[in-house]
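Accompanying notes for the structure given below.
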Amino acid sequence: MFKREEIIEMANKDFEKAWIETKDLIKAKKVNESYPRIKPVFGKTHPVNDTIENLRQAYLRMGFEEYINPVIVDERDIYKQFGPEAMAVLDRCFYLAGLPRPDVGLSDEKISQIEKLGIKVSEHKESLQKILHGYKKGTLDGDDLVLEISNALEISSEMGLKILEEVFPEFKDLTAVSSKLTLRSHMTSGWFLTVSDLMNKKPLPFKLFSIDRCFRREQKEDKSHLMTYHSASCAIAGESVDINDGKAIAEGLLSQFGFTNFKFIPDEKKSKYYTPETQTEVYAYHPKLKEWLEVATFGVYSPVALSKYGIDVPVMNLGLGVERLAMISGNFADVREMVYPQFYEHRLDDRDVASMVKLDKVPVMDEIYDLTKELIDLCVKNKDLKSPCELKLEKTFAFGKTKKNVKISIFEKEEGKNLLGPSILNEIYMYDGNVIGIPESFDGVKEEFKDFLEKGKTEGVSTGIRYIDALCFKITSKLEESFVSNTSEFKVKVPIVRSLSDINLKIDDIALKQIMSKNKVIDVRGPVFLNVEVKIE
């Protein structure tokens, strides 16, 4: 906490001095907790849900009302809508199936089996029979069966489950039996039901939309087909409705997503629930992608199908696949990877990787941590001293009940060299998926590498860590370890850097895995010629 009164008094006497000196009150974060190792974390929406919401708002702006159509559709409705074509259409539908409820009796043999488990049945026989009978009749849910058996016999639920497994094997041998109910394969099957019910409830014309999941039994899933997808569908009912409404709605809807210029091409499929010559494919031009794309289909429902539902006015239906539009908007190549990214490779950008490169060894004690900055400044200031040369830094630390006198010597004995090597000020950058050490100056850098390094410096993401920074933290961390182990001296020698570990850096395994899988590189090679000797008294 600041001593506010002292600061105000100091500022009243000499504002400039107070302004400069109080900067030390703002303590900098430790290096592994500083930017870019810390990064903002944002929630992330899913592109399909984003597209759904954008489509919802687009429909609402155009005056449509939102409805939820039935997901479960009786196969009889498919026959009513498709006529003779229904059999072929039903091949792509998923049928709902359920397990039958076996007629399980409580015979003498089963009573004997239960009693062999150490449970007396005689006084609970009637209660157990009622439970089994209730299950058969459907008055008892299957997920309550074990609990009710346990309660009836006054035993634990574990023992109740054992009885179900060992005494009533009929439950293990059940096979699902299909019903006549299907999961809707397209939104049309629901629109007939909805429009039919609204005919006597809403004045004509009316405009409806629904965005929801459909299910289609594809032979296989691939980059453009899934067995479950979202349909963004609308229906307009009114006496004067025709395919011109479909064209206008397609333009109004899709122009809100950046499409311009539209082509309406007769669809060769000719589904029987549409009036002949009305089923139309919509192609739209996307200026950013610079290509024509098929994005929607519309048509006017057949009077034959409408009449079976008591609908006596034309109904235009337009539908488009949400995933298709999301792929276009997000420039995705594979619908599976877009919808289920968790099952595919997670891509880290350079900013992500930069947050995953950290110092390996960092001192814990604040006094020793602060010593690191002094050591860094001393090395940087004198890096070009001509050898033979030596720098010394001395400090005294309180450690427990003792004092530690520390003498740090940085030296170069060989003549004709600098105190430190030319790569000592190299800085770690992320660029194009690579981790690279970039020099402060490009003087002396080979031309074949210069362009890459220059781009890395201007377009990449810096970690803010230089070789000398990381190495000095290695020295002070080793000093702290020596305090604990009561070591009196140690040396640090780093001639040539070949890997991150040579300069006291580590990278998260997730980032490392991506770098290796993408054939990217970690190239931090460079001469630093650091020689340090530390004595502790």
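Including glycine, each Cβ sits where the backbone N, Cα and C put it.
Of the residues proposed, ASN151, ASN317, ASN331, the one Swiss-Prot records at the same substrate site as HIS186, MET187, THR188, SER231, ALA232, SER233, TYR273, TYR274 is ASN317.
Between the farthest pair of Cα atoms in the substrate binding residues (HIS186, MET187, THR188, SER231, ALA232, SER233, TYR273, TYR274, ASN317), the distance is 18 Å. Within the same chain, the residues at least 6 positions away from THR188 (substrate binding site) whose Cβ sits under 8 Å from its Cβ are GLN81, SER233, TYR273, TYR301, ASN317, GLY319, listed in sequence order.
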